[in-house]
Amino acid sequence: MKRAFIMVLDSFGIGATEDADRFGDVGSDTLGHIAEACAKGEADNGRKGPLNLPNLTRLGLVKAYEGSTGKIAAGMDGNADVIGAYAWAHELSSGKDTPSGHWEIAGVPVLFDWGYFSDHENSFPQELLDKLVKRANLPGYLGNCHSSGTVILDQFGEEHMKTGKPIFYTSADSVFQIACHEETFGLDKLYELCEIAREELTEGGYNIGRVIARPFIGDKAGNFQRTGNRHDLAVEPPAPTVLQKLVDEKQGHVVSVGKIADIYANCGITKKVKATGLDALFDATLKEMKEAGDKTIVFTNFVDFDSSWGHRRDIAGYAAGLELFDRRLPELMELVGEDDILILTADHGCDPSWTGTDHTREHIPVLIYGPKVKPGSLGHRETFADIGQTLATYFGTSPMDYGKNML
């Protein structure tokens, strides 16, 4: 029985790439800077001392980090016995966004440039805004700017509740985000508005990667909170991913846990499981792994590393999240059968010590574990697509156009 379990620690970069200067990210280092802060006692917020990730270390994380940066992460064990295969991978795609990283992991790098709304104020074309107001019968809109998701709620949340005007905003990513109150505006109405925005952006040729519904609750600035009902409307990958090939060519199964299905615009996904928060995502993943049959991929995105701690530049929160993940990792490893492979990786960096609130261009770890996987270094990989090609070889699908098999 062949099964693959892919766990994306969203934004868990392990050191700046050679082309980081193109992105203003030279010196960014998600793992390294978290470890450094922990070793100095600067991340003792409910957790304490050096970053403690013994299970990820056994799978090769510290060795992969050393390969990427030439050093051992502060306070971590560079001499631990390694029981998995490990690599550090460079991104071939032109961006450092979530769809690019995930599609490339599945064998389809994004070699075109996404469209962006680069103006920080009055970010969206008036023609687009007018169409949205007319088609969705809106009383107007708020925002129309670059912002972080929490700041914009404090800024416009109360006015939104009074007026019913949705909050439109963007970031350095290729996104059109819409924040609305779950109770006063309504979740279904928000999702419908996002569908309209997706259609208008596609028809208008804006080449925007994702429309994101950002529902929230609360009654005044300071206590607004985003809920777990986020929904991403992505464009479809430009070519069949290894997920699609497994389903089409081998009649296999691909189980999405968390936001994976949204990222791939449901292409190559046969089952969707929603969960919010690290523990809930972990529990859902374990359940799906126990039930998975032959020719199945269980694919989970642990979004909190990015959305709750990376973008919010919360070093202590990120460290605590990693330690929680690490404590639970043996539960996953116990479910890896004789012919299975477990792959732990990331889709980009989001250094919580870095300036601004955006992603960082970094190498990602590729940690592969299974009874038949030979432990040791797989070296520097030139593209995340090596993961996709490895899966294509493993499941016996037609080869991907990019990437090399690592096993």
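Glycine is treated like the rest: Cβ placed from N, Cα and C.
Straight from Swiss-Prot, the features:
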BINDING   ASP10, ASP347, HIS348  Mn(2+) 1 binding site
BINDING   ASP306, HIS311, HIS359  Mn(2+) 2 binding site
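On the backbone, the CA of HIS359 (Mn(2+) 2 binding site) and the CA of HIS348 (Mn(2+) 1 binding site) stand 7 Å apart. Distance between Cα atoms for ASP306 (Mn(2+) 2 binding site) and ASP10 (Mn(2+) 1 binding site): 5 Å, as a whole number. Note on the binding-site residues HIS311, HIS348, HIS359: the fewest other CB atoms within 10 A surround the CB of HIS311.
Counted over every protein chain shown, other Cβ atoms within 10 Å are most numerous around ASP347 among the binding-site residues ASP10, ASP306, ASP347. Here the C-alpha separation of ASP10 (Mn(2+) 1 binding site) and HIS311 (Mn(2+) 2 binding site) works out to 11 Å.
For the pair HIS348 (Mn(2+) 1 binding site) and HIS311 (Mn(2+) 2 binding site), the Cα-Cα distance reads 12 Å. Those residues of the chain, other than ASP306, HIS311, HIS359, with a C-beta within 8 angstroms of the mean position of the Mn(2+) 2 site C-beta atoms are ASP10, SER11, SER307, GLY310, HIS348, CYS350, THR357, ASP358. Secondary structure at HIS359 (Mn(2+) 2 binding site), taken from DSSP and collapsed to helix, strand or coil, is coil.
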